[in-house]
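K.L.:
Found this in Swiss-Prot, in case it helps:
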type: TRANSMEM; residues: 7-27; note: transmembrane segment
type: TRANSMEM; residues: 51-71; note: transmembrane segment
type: TRANSMEM; residues: 83-103; note: transmembrane segment
type: TRANSMEM; residues: 125-145; note: transmembrane segment
């Protein structure tokens with residue numbers, strides 16, 4: 001890994017920790033857990049960035065990163081997993097894709113139908129939907145696998 005990739009990774013992780021910390025405060029996370037929410041947000045977003053850099057598509061990278069966020073942190077700190085995971089996953093939500101899809105909807109209603117606008121809208125809407133679905137599945141899988149009270153069979 002080059003120096004520029006490491007710098008970009010560090011920058012991405014710091015900038016992802018800030019909204020994770022902010023949303024953790026909005027969700028009234030205990031003060032002792034705030035640093036872990038920021039750390040998880042940074043780890044999740046940084047790992048997703050590395051996976052995308054090395055050729056994985058954003059949907060699958062979001063799934064793997066959200067699974068990584070959901071594993072084992074609550075057992076170490078004796079807290080419910082959602083205390084850490086929800087605030088840490090929020091920086092990975094697809095704001096640009098959702099915004100572009102909504103702008104395309106507004107332009108279609110204002111300017112009328114065009115194939116380019118419709119293609120942009122559908123592409124960005126599906127991309128945002130699949131990323132949100134991957135994040136929600138990735139958050140729920142560790143809870144189903146690791147924190148299950150009854151046996152699976």
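Using the three backbone atoms N, Cα and C, a Cβ is placed for every residue, glycine included.
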K.L.:
Out of 7-27, 51-71, 125-145, which stretch touches the transmembrane segment (83-103) the most, going by CB pairs under 8 Å?
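P.N.:
Highest pair count goes to 125-145.
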K.L.:
Which sequence-distant residues neighbour the transmembrane segment (125-145)? Criterion: at least 6 residues beyond either end, Cβ under 8 Å.
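P.N.:
Distant Cβ neighbours of the transmembrane segment (125-145) are 58-60, 62-67, 69-72, 81, 85-86, 89, 92-94, 97-98, 101.
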